[in-house]
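Quick look at what TrEMBL annotates:
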TRANSMEM  34-57  transmembrane segment
TRANSMEM  69-90  transmembrane segment
TRANSMEM  102-123  transmembrane segment
TRANSMEM  135-156  transmembrane segment
TRANSMEM  163-186  transmembrane segment
TRANSMEM  192-214  transmembrane segment
Amino acid sequence: MTHEPRPTTRTAVGGDGAEYSFWREHTHINLSPVAAPSILGLFGFAVSTFMVAANLAGWYGDDTTTPLVLAPFAFTFGGVAQFLAAMWSYRARDALATGIHGAWGAFWLAYGIYQLFVGLGGLPGTSASPVAATAFGFWFIGLAAVTWTGTFAAFAENGAVGLVLLTLATGSTLLAISLIAGVAILETIAAYFLLASAALAWYTASAMVLEAAYRRVVLPMGKLGPAPNAPGRATSRAIQFELGEPGIKVGQ
């Protein structure tokens, strides 16, 4: 989409909004609009995390058939969907979403492959091999570190995303300790933190979908700054004049 502002008789003068007018009247903008990428990323994360966390909590599953059932779902819905969301977040210039969806999308791709090998008998599962459990625990040390960083960044922008990442980081930390130290009760506690993160991710993605569909806030997300939070409020269309890019919206 191309937009070229209509010229007027105003000139470029500094101060009192005149410079702002000059930017708007002398800017040619080429846009490739995309829907909020985190809608796909959060829905993919929510459902895949729910499936795996429910298994960790002992709600269903065994050590033979379940890995084969989880593998393709985790690989596609958790991995491919989130990785695509990360690349589109890059186009939307959302640094937080790019980093978090990219990191967790890569994890889910690897997790799906690992579970496939476990189900086929090519690799030991974490419940059957302490060595495998320890190695898998170190996966979560790295994931927890990345997610804690994302948590602090998210609370500067959006409370709902911050809570998603806070529960995810806590669950990942507990799961790393559980797998490395062999503390079974911590695995169960971690599973419930991950279930909470999945529920919060579903809520946040739903809020984004409804806001896009109704052009107003339906479910509040605790956005910080000038973005509207109250249900019924119209969404804002930010112009990034302060960044020298009028008409270009950074983020989602």
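Using N, Cα and C of the backbone, Cβ positions are placed for all residues, glycine too.
Unlike curated records, TrEMBL annotations are generated automatically.
By number of Cβ pairs under 8 Å, the transmembrane segment (69-90) is matched best by 102-123 from the list 34-57, 102-123, 135-156, 163-186.
Long-range contacts of the transmembrane segment (102-123) within the same chain: residues 41, 44-45, 48, 52, 64-68, 70-76, 78-87, 132, 136, 139, 143, 146-147, each at least 6 residues beyond the stretch ends and with a Cβ under 8 Å from a Cβ of the stretch. Listed as Cβ neighbours of the transmembrane segment (135-156) (distance under 8 Å, sequence separation of 6 or more from its ends, same chain) are residues 95-96, 99-100, 103-104, 107, 110, 114, 126, 162, 164-166, 168-169, 172-173, 175-180, 224.
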